[in-house]
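A.B. asks: So TrEMBL says this about it:
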type: BINDING; residues: B:Ala10, B:Gly11, B:Val12, B:Gly13, B:Thr14, B:Val15, B:Gly16, B:Ala17; note: NADP(+) binding site
type: BINDING; residues: B:Lys107; note: NADPH binding site
type: BINDING; residues: B:Glu192; note: L-homoserine binding site
type: ACT_SITE; residues: B:Lys207; note: active site, proton donor
type: DOMAIN; residues: B:351-432; note: domain 'ACT'
Protein chains: 2
Amino acid sequence: MSETLRVGIAGVGTVGAAVARLLARQSEALASRTGRKIIVTAFSARDPGKERDADLSGCQFFTDPSALAASPAIDLFVELIGGAEGPARASVETALTHGKSVVTANKALLAAHGVELAALAEQKHAALAFEASVAGGIPIVKTLREGLAGNSIRRVYGILNGTCNYILSRMEREGLSFEQCLSEAQKLGYAEADPTFDIGGFDTAHKLSILASLAFGVKIEPDAIDIEGIERVTLADIEAAAELGFRIKLLGVAQRTADGVEQRVHPTMVRKSTPIAEVMGVLNAVTIDADAVNELTLVGPGAGGDATASAVVADIADIARGVRSAPFGVPAEGLLELVRAPMRRHEGGYYIRLSVPDVPGAFAGIATRMAERGISLESIMQHGGKRGAGREDGAPVGVILITHATSEHLVREALEAIHRDGAVKTPAQVIRIERE
Amino acid sequence: MSETLRVGIAGVGTVGAAVARLLARQSEALASRTGRKIIVTAFSARDPGKERDADLSGCQFFTDPSALAASPAIDLFVELIGGAEGPARASVETALTHGKSVVTANKALLAAHGVELAALAEQKHAALAFEASVAGGIPIVKTLREGLAGNSIRRVYGILNGTCNYILSRMEREGLSFEQCLSEAQKLGYAEADPTFDIGGFDTAHKLSILASLAFGVKIEPDAIDIEGIERVTLADIEAAAELGFRIKLLGVAQRTADGVEQRVHPTMVRKSTPIAEVMGVLNAVTIDADAVNELTLVGPGAGGDATASAVVADIADIARGVRSAPFGVPAEGLLELVRAPMRRHEGGYYIRLSVPDVPGAFAGIATRMAERGISLESIMQHGGKRGAGREDGAPVGVILITHATSEHLVREALEAIHRDGAVKTPAQVIRIERE
């Protein structure tokens, strides 16, 4: 058996403690799998006296994660501090500069500095592993980087934020409003007091930028993502989706197009009975659409101490076995500049909900504006209450259009024309349909 | 860039041709990912003149796969001949003996000789990779061996045979009989002229024995699997399952129990809306139930030239990068003897369909026999036609029992007692329920 691999953990919260427990519990199995003993020898944390959910007695303690990263007491540095800058970035750079391999769960750090960190790691012949940064316990990084190494990937998309999926699932299952579900999620600890990062789609976008880099061999560009959150999804949309055989999910989608790589995060209509539509609650799921394998879907826990620790420990085990892949599959210097496909060129079907006065000709006016731009409609239906049944004459009714595949810019133009016509007063709700 | 990796392919049928095409098409990307050029330099086949769906001009040709395996013209041997013995086994042994790495899709060979081949590979510091042998394009071997390296696995189960899943899906969707669907599957090329190997559960069992070894670190023991095929599943069962919120799938299940490792292949009731229940048609799916990750499901194509080639090429890429894991995760000499948990000790819920005379007391007699053995019933329902409605008095009716978790041997005893009582004339249909 080779020499012991000495691990230092920076940040011993829920995930850090779970990593320490898992390494201790699986000590024998990991030694048998990797040929090396793996032990935690040191850790860093802000508060030395804090009660922790792991036995770290006998470990060297550091308050400064960079001092831990540079310490001769460790061979491998596990960064679980979080944040794109500050101590997380500094300590990861320190570890790599010292030729120590790094395992991190920090999606913000990778989204901001992943490419330069990968280059540094490669230069120092160290590993930089980040399975835990995307979709928690789902081994999606390994799958994209290694499991599908022979494929040309066309599209990767998924449910990457458990908070949003929990809220959308509850809205559908219990007929509750977005606000009610968000407040429940906050009570249960599934959502932060300030939920913007999750429900606004920004967390999904960070993760998507990492997946896109792995899938397409491009530099990480979180700023090149079109982002819409789930705040505007109403119960009316969810009910209409259900009637039409769809579910609404917040998806992150990255896909190759003739115009470049399209990266987008938005509420999406997915057809029921597809694997991703059936993923409810806090689970995550990722589907990969590629030339050889056709379609592969992975479903599992996207968060939680133990599930995230599962991914961290798998990375540690690979490093213990001596595996040194380029962090993003291809060498950092070979990553291409991302050419951003403009969102207005997006092609797909659309769900459009409009509030239309119940007067003769209103339907015809809308349909005409669509037809003028060559947008063909799969269906047009009235939603929420029969026409004229106990309602004021001429009061608005909900109208739902489902389009066949068309272009984003045509849809936007048609909606502008409809608004200019004056019949529709409130903004349209537009939700993109993701093809299977 | 390191030296070129020269690949020899033994058996150039659908999969072999797809591997050659994929290696050529992805040549540049693979060189960038692995740091080496990967080229096919030689192949073997029975018929030198046969038209093939890949350009192998310039490759050296062999009729004897063992001669190819021993040839100095190749560094890596891809075995796609099939069969547990004969040329497949001989050529793989030859390649390993010569210190050449082997990639194979041959589940029968692995089920029969996997452990000794792994030991030989380890001794020669060669790789033995077999991602394509289980569940086609789904990277389940990598996931179990590497992606979940930090987990203690409790159970692994899945839909591992597309033919069976296609038949069961069609029976449900179109209300057709088993025989009708089998004959359609044969016409479409999804089932062999002699379908026994697929529908009898033997193909699933081979694959399951490989998964169990990876999951539990035990020697492969296909003979220690309890196997039932789908031949006895009727439309009545499928309809009753649907009414009760279940689907019937042919699952391979391997799980740790207090009595050892339980390995079984049988038609199984799985609750609708679980990821595995939603897998329809020729797709495969595997769910892993483990301590850290909790539950992970992978869904994808289980067969087909391109999907299988995707797995073969991923293995080739790993080998090109210099990755040398023990084929079964832990060194072959460390694999434990499998202790077979006896099927009669199996614990779980049961679906039982009986044909019962429609006379007073029949229900009570059955319920009593169950209760005597402490089997508690979740439901007892009559199926297929209302009692007495246009039927002969006393003619048998279908009765369906769903039990809470109990033991296989208690169920068998209760059914024997019910038969001894004389009211039930035909054998009971018993389908195990798989808990989530």
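Cβ coordinates are placed from backbone N, Cα and C, and glycine is handled just like the others.
Not measured: the values here are computed from a predicted model.
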A.B. asks: Show, in sequence order, which residues other than B:Ala10, B:Gly11, B:Val12, B:Gly13, B:Thr14, B:Val15, B:Gly16, B:Ala17 on the same chain lie with their Cβ within 8 Å of the centre of the Cβ atoms of the NADP(+) site.
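C.D. replies: The answer, listed by sequence position, is B:Ile9, B:Ala18, B:Val19, B:Ala45, B:Leu80.
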A.B. asks: For the domain 'ACT' (B:351-432), how many residues does DSSP put in helix, in strand and in coil?
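C.D. replies: Split into helix, strand and coil, the domain 'ACT' (B:351-432) gives 25 helix, 28 strand, 29 coil.
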A.B. asks: Using a 10 Å cut-off on Cβ-Cβ distances across all protein chains shown, tell me which of the binding-site residues (B:Ala10, B:Val12, B:Val15, B:Ala17) has the largest neighbour count.
C.D. replies: B:Ala10
A.B. asks: Would you mind giving the whole-number mean pLDDT across the domain 'ACT' (B:351-432)?
C.D. replies: 86
A.B. asks: How many whole Å apart are the CA atoms of B:Gly13 (NADP(+) binding site) and the residue listed as 'active site, proton donor'?
C.D. replies: 21
A.B. asks: Quick check for the class: what is the C-alpha distance, in angstrom and rounded, between B:Glu192 (L-homoserine binding site) and the residue listed as 'NADPH binding site'?
C.D. replies: 17
A.B. asks: When a 10 Å sphere is centred on the Cβ of B:Gly11 (NADP(+) binding site), how many other Cβ atoms does it contain?
C.D. replies: 25
A.B. asks: In the structure shown, which of the binding-site residues B:Gly13, B:Gly16 has the fewest Cβ neighbours within 10 Å?
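C.D. replies: If we count Cβ atoms within 10 Å for the binding-site residues B:Gly13, B:Gly16, the smallest count is at B:Gly13.
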A.B. asks: For the recorded positions B:Glu192, B:Lys207, which one has its C-beta crowded by the most other C-beta atoms within 10 angstroms?
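C.D. replies: The residue with the densest Cβ neighbourhood is B:Lys207.
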A.B. asks: In sequence order, which residues at least six apart in the same chain have a CB under 8 Å from the CB of B:Thr14 (NADP(+) binding site)?
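C.D. replies: The answer is B:Asp53, B:Gly304, B:Gly305.
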A.B. asks: According to DSSP, which of helix, strand or coil covers B:Gly13 (NADP(+) binding site)?
C.D. replies: coil
A.B. asks: C-alpha of B:Ala17 (NADP(+) binding site) to C-alpha of the residue listed as 'NADPH binding site': distance in Å?
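C.D. replies: Spelling it out, the Cα of B:Ala17 (NADP(+) binding site) and the Cα of the residue listed as 'NADPH binding site' are 19 Å apart.
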A.B. asks: How many other Cβ atoms sit within 10 Å of the Cβ of the residue listed as 'NADPH binding site'?
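C.D. replies: The answer is 26 other Cβ atoms.
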A.B. asks: Provide, as an integer number of angstrom, the distance between the C-alpha atoms of B:Gly11 (NADP(+) binding site) and the residue listed as 'NADPH binding site'.
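C.D. replies: One finds 15 Å between the Cα atoms of these residues.
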